[in-house]
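Participant: What TrEMBL lists as transmembrane segment is D:12-33, D:45-66, D:78-99, D:106-123, D:135-155, D:167-186, D:198-224.
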Amino acid sequence: MFGTLFQSSAVVSTALSVATLAMFATAALAMLGLTWTSERWRVPLALSGVALLASGLEYYAASNIWLAGQQLSAALRYVAWFVVQPMQVASMFFFASIAGKVPVGVFWRTLAAAILMVLARYLGDARIFNPTLGVLLSIAFWLYILGELYFGAMADAISKSTRPIRLGYFWIRLIMTIGWAIYPILHFVDVVIGTGHVAPIIVLYTIADLVNLIAVSMIVLAVAGEERF
Amino acid sequence: MFGTLFQSSAVVSTALSVATLAMFATAALAMLGLTWTSERWRVPLALSGVALLASGLEYYAASNIWLAGQQLSAALRYVAWFVVQPMQVASMFFFASIAGKVPVGVFWRTLAAAILMVLARYLGDARIFNPTLGVLLSIAFWLYILGELYFGAMADAISKSTRPIRLGYFWIRLIMTIGWAIYPILHFVDVVIGTGHVAPIIVLYTIADLVNLIAVSMIVLAVAGEERF
Amino acid sequence: MFGTLFQSSAVVSTALSVATLAMFATAALAMLGLTWTSERWRVPLALSGVALLASGLEYYAASNIWLAGQQLSAALRYVAWFVVQPMQVASMFFFASIAGKVPVGVFWRTLAAAILMVLARYLGDARIFNPTLGVLLSIAFWLYILGELYFGAMADAISKSTRPIRLGYFWIRLIMTIGWAIYPILHFVDVVIGTGHVAPIIVLYTIADLVNLIAVSMIVLAVAGEERF
Amino acid sequence: MFGTLFQSSAVVSTALSVATLAMFATAALAMLGLTWTSERWRVPLALSGVALLASGLEYYAASNIWLAGQQLSAALRYVAWFVVQPMQVASMFFFASIAGKVPVGVFWRTLAAAILMVLARYLGDARIFNPTLGVLLSIAFWLYILGELYFGAMADAISKSTRPIRLGYFWIRLIMTIGWAIYPILHFVDVVIGTGHVAPIIVLYTIADLVNLIAVSMIVLAVAGEERF
Amino acid sequence: MFGTLFQSSAVVSTALSVATLAMFATAALAMLGLTWTSERWRVPLALSGVALLASGLEYYAASNIWLAGQQLSAALRYVAWFVVQPMQVASMFFFASIAGKVPVGVFWRTLAAAILMVLARYLGDARIFNPTLGVLLSIAFWLYILGELYFGAMADAISKSTRPIRLGYFWIRLIMTIGWAIYPILHFVDVVIGTGHVAPIIVLYTIADLVNLIAVSMIVLAVAGEERF
Ligand SMILES: CC1=C(/C=C/C(C)=C/C=C/C(C)=C/C=O)C(C)(C)CCC1
Ligand SMILES: CC1=C(/C=C/C(C)=C/C=C/C(C)=C/C=O)C(C)(C)CCC1
Ligand SMILES: CC1=C(/C=C/C(C)=C/C=C/C(C)=C/C=O)C(C)(C)CCC1
Ligand SMILES: CC1=C(/C=C/C(C)=C/C=C/C(C)=C/C=O)C(C)(C)CCC1
Ligand SMILES: CC1=C(/C=C/C(C)=C/C=C/C(C)=C/C=O)C(C)(C)CCC1
Ligand code: NA
Ligand code: NA
Ligand code: NA
Ligand code: NA
Ligand code: NA
Ligand code: NA
Ligand code: NA
Ligand code: NA
Ligand code: NA
Ligand code: NA
């Protein structure tokens, strides 16, 4: 939004603008939430709020670029992935660490996997690297993160915790499994099949980002709110 | 506002600019209010403040678009509805939850109804869906929200509460009944009768938004202020 | 400032830019003041700070419009009046309410009078309404507000209060009498005599706004500072 | 920075951009400092932080204007002086008031002198007033402020205070003597000798502003930090 | 980012945009961190957060300049160095001061060295000074800072401290040794060998800034978090 007129049928513009406003609004909510949740929840809550802020800035840029030329490049999407993914993964580590001791090595390994997951594919896309190898490595790094979330020390710490924490972890992990699966699928259609960044692809990416990022942040806020007393 | 000169008779510009400034100012007020109200009021207060922030950003965009071309599309209005409506409804759930236990199912049902109310009509307007069916579904979802507010668990929780809380709930519910009725009426004139987004329609939408959003937020702030001690 | 070069003799530019910077700076000061004043002063202090923020945004717009075309319309001034006036009047109600119980009816009546004072004249200026009747109604609403400030329940509550509160009220009321009298006078010269928005008129309006808004806010901050202990 | 490319030799651009970034950064630092210093230091600290914010906005404007036309007018500098000078002087009054009782008359007299010091010269520069008289009055008002700082009630209050407060006052007063002397000297070269706002003059003004404003603010922050316990 | 479309292969754009978003996001994180860490950690944490904010603003400018003309000048990089370097060095002094008493002379000497390290080379680059002498002086000042970090009073204070503080200091010092060594090397290739600010040079500078600045800030945040109890 913000700058030019768009027709009611311009579904892409509407989707990008809704994402911009909704992400800024929920980022503000998560940050204001720091004032009413207990101190031990602040790290995962701040991380998920800051991820929404970064993503909102990306969608604000995307809205303006779309309005200027009815076109978007995949590069912008990578920019947000590079910034948002490490924060989402770190947020999970600190979430689990509230429930119980998680070795710090888990933090470094999942953080590295999150960065490499995006980097491998990016170098492939930029032809600095073999594209097929890139996509395979990306999937491997994603599966590694899921492995840690399902069978690693974080799952152990959570299993001994309170019901709200277990429930919150269950839902965030589900988002990182099902919600994130949309990205490689869309990326396959967009880049490998080669439809390019056409309107339906952009709208689907945007809905995925909206749901995934806002849900993670609001789940952390809700669990922190329940665990206040 | 902010960018070009407008004549005193340019009532639309004035209305859009007043809405922008008033919404940013009351959003700031609601957020500053978090520092003097008790902790249990922070969720509904933050939600209503954040809704004003999002709506203020929309009016800032609308002001600039109007100044550039003396035209506005309905799409921009949908953008704000998609973001603001769920927050208003969620704000009511958390308001009622302060008075007494409200089942969490109410939260999910009214949130879904608020999103679907806007989505049904949007898909109709964008011709992705039958427009008449869209408007009928929209009205049904709105009536469902009103049903929850008048006869559901939220009303029950409120009825056993203090006078300021009961009064505040009464007024917000009235706004969501009478104040919100303006939207389908204007939408009928604008899209179904087909006057389009002419000046008087825009001014009336703007006054409705100004009154509805600011009133809800200031009522929450006032009740929270009274309940402080 | 902000965008283009202006000569030392461009007194209008300097006045608009000084107002922009001074209002943003004192708005920040009033908001930071919320951290060192006691809780009961926060409502009037936040209201006066938020009024400065809104007015600073208006002057920022005015600076840019002036630099672009060496012209300003009265409409922009109305935009700020619509937003700032109700906040100033509400700030007085909450100021007096700290000193003693003031019936809530006073709040609604002075708020309505502040909005109608600006609206009556605006509708006249926009030729939606008889201009002479508009100006007479405006003056009547202003006198009504002054009546409440001098002889109403707010004055009663204040009279039984501490010296800093009485002194602060005395000065703010004087500003709303003498400081505000400048607006109808300038408006008479500008619109009725018909000089238009010429340079000396703009500079005088700007100095009036600077002094009136900043003084009210800093008086509230000073009284709140004295009453801290 | 901020908008266009500049060559490594463009020393003016670099100076203006460094001033912009450094002032925003230290303004943020002073404001964050409000969270770790004791309550009684908040007024002078907030004032000096807010002065840095206003000055940073001025340098942001100046950077853009310079990049657009390799020219700056003295008017912009006056804009900042009008806003910053009263805040610096008020900051000293509140600093001294922490050490001991200072009559409120000192506040009003030094504030008036700070405004008149800039106004006298400004009216001269804008040819509304005799330029020579303007500069003489300016110097007289500056000397008056220095008189208050060296021999007035503020110096008395400070002399009975702790070592960090005495040291801080000593350094800020030195800045207002030696650091401020640069302004009339540069102004003499720029306007009276008539070199105009050439590159070396701008760079020297910028370094003076950088050092003077940041030093005052960081001294207040440092003294407040030492006096915390 | 923010303004124009870029191709997936435009690695420079992606790097600059990732740096912008990541720095704003981690600056927000460091500042939010002030709400959950103990008071004594606030000075180094605020300093490192504010350095990220300043650097993020620089990268935001750099992104826009690159998009406008596929070119960047070294001057922009100096702007950030002038602002960021003194803050990084001051942050180390306050970090070490938490562990034990460090003479204030160390603060002034390392601060001066950090400014002179950048200034010496800058004056050489701008041909105000002999370029070879400039680079040699720069290296001498950097080595002096390293000397203080390895063998000075800061290292002594740290050596008697807790494990998290010693570990944090170890890593930040390593960054200031190895991470900073990249700057003179790249500067040698860029300016002395004379490749100019070509794409690989910019990407490497950007990665160095990203890693160095974010790492220092997150280490301070992590140590402050561990030392909370
Ligand atoms: C597995 C895989 C991928 C995974 C991407 C993911 C999991 C992205 C998540 C993004 C989020 C949560 C963004 C929020 O703004 C890529 C890089 C598409 C490349 C193909 C293989
Ligand atoms: C029933 C109905 C509608 C309801 C809209 C409402 C209730 C909007 C409320 C908006 C608010 C509160 C906005 C604040 O910014 C539509 C979608 C017009 C479509 C026709 C049927
Ligand atoms: C009585 C009267 C008026 C009063 C205006 C006032 C009292 C404005 C105050 C404005 C302030 C305080 C602005 C701050 O930004 C009008 C509308 C000119 C119309 C003529 C009659
Ligand atoms: C005595 C004197 C002057 C003094 C100016 C001063 C003292 C300015 C201080 C400015 C600061 C501290 C700015 C920070 O941004 C003028 C007006 C040049 C006019 C000539 C005589
Ligand atoms: C020794 C040396 C240099 C050192 C630069 C350094 C150490 C820069 C650090 C920058 C950081 C940390 C930036 C973060 O944004 C120069 C000036 C290249 C000139 C050649 C000699
Ligand atoms: Na858009
Ligand atoms: Na994305
Ligand atoms: Na407008
Ligand atoms: Na709307
Ligand atoms: Na201006
Ligand atoms: Na005005
Ligand atoms: Na610049
Ligand atoms: Na200046
Ligand atoms: Na970019
Ligand atoms: Na840099």
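For all residues, glycine too, the Cβ spot is worked out from N, Cα and C.
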Participant: Give residue numbers and ranges for long-range contacts of the transmembrane segment (D:78-99): same chain, 6 or more residues beyond its ends, CB-CB under 8 A.
Facilitator: 40-41, 43-44, 47-48, 50-51, 54-55, 58, 106-107, 110-111, 113-115, 117-119, 122, 125, 145, 149, 153-155, 157-158, 160-162, 165, 168-169, 172-173, 176, 209, 213, 216, 220, 223
Participant: Is the transmembrane segment (D:167-186) packed against any residues at least 6 beyond its ends, judged by a Cβ distance under 8 Å, and which are they?
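Facilitator: Contacts with the transmembrane segment (D:167-186): 88, 92, 95-96, 99, 135, 138-139, 142, 145-146, 149-150, 154-155, 158, 161, 201, 204-205, 208, 211-212, 215-216, 219-220, 222-223.
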Participant: So, does the transmembrane segment (D:135-155) come close enough to the transmembrane segment (D:45-66) to give 3+ Cβ pairs below 8 Å, pairs being at least 6 apart in sequence?
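Facilitator: In this chain the transmembrane segment (D:45-66) does not contact the transmembrane segment (D:135-155) - fewer than 3 Cβ pairs sit under 8 Å.
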Participant: So what's near the transmembrane segment (D:135-155) in sequence-distant terms, Cβ-Cβ under 8 Å and 6+ beyond its ends?
Facilitator: 89, 92-93, 96, 102-103, 106, 109-110, 113-114, 116-118, 120-121, 124, 169, 173, 176-177, 180, 184, 187, 192
